[in-house]
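A.B. asks: Per TrEMBL, the feature domain 'PLAT' maps to 1-89. The Ca(2+) binding site annotation in TrEMBL covers Asp50, Asp51. What TrEMBL records for Trp74 is site 'Essential for stabilizing binding to COTL1'. Positions annotated as domain 'Lipoxygenase' by TrEMBL: 88-645. Taken from TrEMBL, the feature Fe cation binding site applies to His339, His344, His522.
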Amino acid sequence: MTYLLDHKISPSGSPHNTSAWVDSYDVTVGENLGEMELVKIEKKKYWVHDDWYCKYITVKTPSGDYVEFPCFHWLVDDKEVVLRDGKALLPKDDKTRLVKQHRHKELESRRKTYRWREWQPGIPMSIDANTHKELPRDIQFDSEKGVDFILNYSKAIENLCVNQFMHMFQSSWNDFADFERIFVRIKNTISEYVMQHWKEDFMFGYQYLNGCNPVMIQKCTKLPEKFPVTHDMVADCLEREMTLEEEIEAGNIYIADYELMEDISPNSTDPCTLQYLAAPICLLYNNSQSKILPLAIQLGQTPGKDNPIFLPSDGQYDWMLAKIWVRSSDFHIHQTVTHLLRTHLVSEVFGVAMFRQLPAVHPAYKLLLPHIRFTIAINTKAREQLICEFGIFDKANGTGGGGHVEMIQKAMRSLTFRSLCFPDAIKARGVDSPEDLPYYYYRDDGNRVWDVTKSFVWDVVCIYYDSDDTVQKDEEIQAFVKDVSSFGMQDLDCCGFPKSLKTREELTEYLTVIIFTASAHHAAVNFGQYDWCSWIPNSPPTMRKPPPRQKGVVDVKFIIQSLPDRGRSCWHLGAVWALSQFQENELFLGMYPDEHFIEKPVKEAMELFRKRLAEVSSVIKIRNEGKKLPYYYFSPDRIPNSVAV
């Protein structure tokens, strides 16, 4: 009897290496092996570095059938890899002792390899590895060089032609024209528009809807006592011949509260430069043209004589600096909470739990794997170089030196599972009505991508789970969910992460949250950083003078001296440019080149998913035509599958 083994292997380097080749071997045995349940691969270790990446093994049986055994693993040292065929199976589907045993052994081995560790107290758990090199080979980057933050940021600074200012740390710019001179060679359509219009109230308000951090605005149903804005203060800005109270009742007033920033330690790593933070509150008005405009800004949480409420009717520089302070606080919340915590760290929790609790044969593992690709690697590299003590984050950010960790710890109180469900998060802020807020593209496009993704996940779930009872009896999916809650999220009562799943609908929503967070939501809050943050006065990463305590004392010189110095400006530019770049050979939402699923119904579901995503991309493209400020961050053709940058 002849079994033809056809296996595709890449040499040491990238698993997507174009120089990979296919080897075929005829293996003759003296008897019929019957139905093949497992294939084992062994690699002998030689003196030279000789890791090999195996994509799959195809077996041709004596009857002429082909059976595919997907691998997608690195073969390292003398370790063996034992493979199942490509069919996705729940635990209940395994009938023989051999395959049940294999399933158990695989998870046992993975739990020893993928261990939880607390990077900092009170934040989501991460993988137990100090450096990228310590990670399991299967989840490392193909080339570590490509994710070296120091190298990338330095290269970005050089490419942006601002490296001549790097030795000028602590040296202030002379005026706004200085910012323009470093910026003019590196602008793009949106960033240039921001540079031209950043002083205008409409641009300030627009960013709450479609900027880099479009998650802060919420409906104001009652003015908080800590923010005593009166009708007389803002009467000149109201357009509908209504009082402020009536505007609130009519649903036209919104608020952005940066309370999280209160008492966060400012960066003190550079004794030559004092840095400052603020926790402002901003009142916003939806005017008769449906533009969001700022009505009032208080730069601290406690009202009083030394914490005035700044208004559009104040002096030009008072109002400008108040808005700059809000934009700076918004930058800190965006970087540390919206971006780092709520996409990077959360996705890592799901990824580590997946490796620990779901075997490769499980349909949920096959579904999720493309969406945690390189996430643990990028986060480990960040802890190694970027957000660690004395890391790059300390160089330019006002929350460096530990403030960013304090922020994450505080933000954990509001990180609930429901807040990761996109439609729920939108509704919780009272901004779900297109009639009330017609130009909130973040909401509209996000809902479209959420719905299409959820529909795809539902199709896949229904292929393998014929009832709610099947979900409840799947001990592996239940263990996965419990591991996320009890270990990854440290069993925090406030987080509300489910400890079990009872229905197919709950499972669908849970898997949708994982995929959407890692792909769409990360794209929406990451890839606009250069657009919106490269014009530094619009998103200052640090402030070098404290918030003003009275009106009428600020001039343009004071504002320039408050903004980042030359060196910090350059580091900031390098960072937002590098973070806004797609990875080489990026895989976008709906692209699954590694065939983890072999079943026809799943492939059909994937094809339908791609078709629906293409329709969303088309709708967004048509809507953006002719716009000076196009919104494309949720366009599926620009959404990478995973958090990998």
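Positions of Cβ are set from backbone N, Cα and C atoms, glycine also.
In TrEMBL, annotation is done automatically, which means it is predicted and not curated.
Worth saying up front: this structure is predicted, and the values here are computed from it rather than measured.
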A.B. asks: Near His522 (Fe cation binding site), which residues of its own chain have a C-beta under 8 A away, given they sit six or more steps off in sequence?
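C.D. replies: For His522 (Fe cation binding site), the qualifying residues are His339, Thr343, His344, Ser347, Pro640, Ser642, Val643.
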A.B. asks: For the recorded Fe cation site, enumerate neighbouring residues of the same chain (Cβ within 8 Å of the Cβ centroid of His339, His344, His522, site residues themselves excluded), in sequence order.
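C.D. replies: Residues close to the Fe cation site, other than His339, His344, His522: Thr338, Leu340, Arg342, Thr343, Ser347, His521, Val525, Asn526, Val643.
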A.B. asks: Between Asp51 (Ca(2+) binding site) and Trp74 (site 'Essential for stabilizing binding to COTL1'), what C-alpha distance do you get in Å?
C.D. replies: 7
A.B. asks: Within 10 Å of the Cβ of Trp74 (site 'Essential for stabilizing binding to COTL1'), how many other Cβ atoms can you find? Include all protein chains, please.
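C.D. replies: Trp74 (site 'Essential for stabilizing binding to COTL1') is surrounded by 20 other Cβ atoms within 10 Å.
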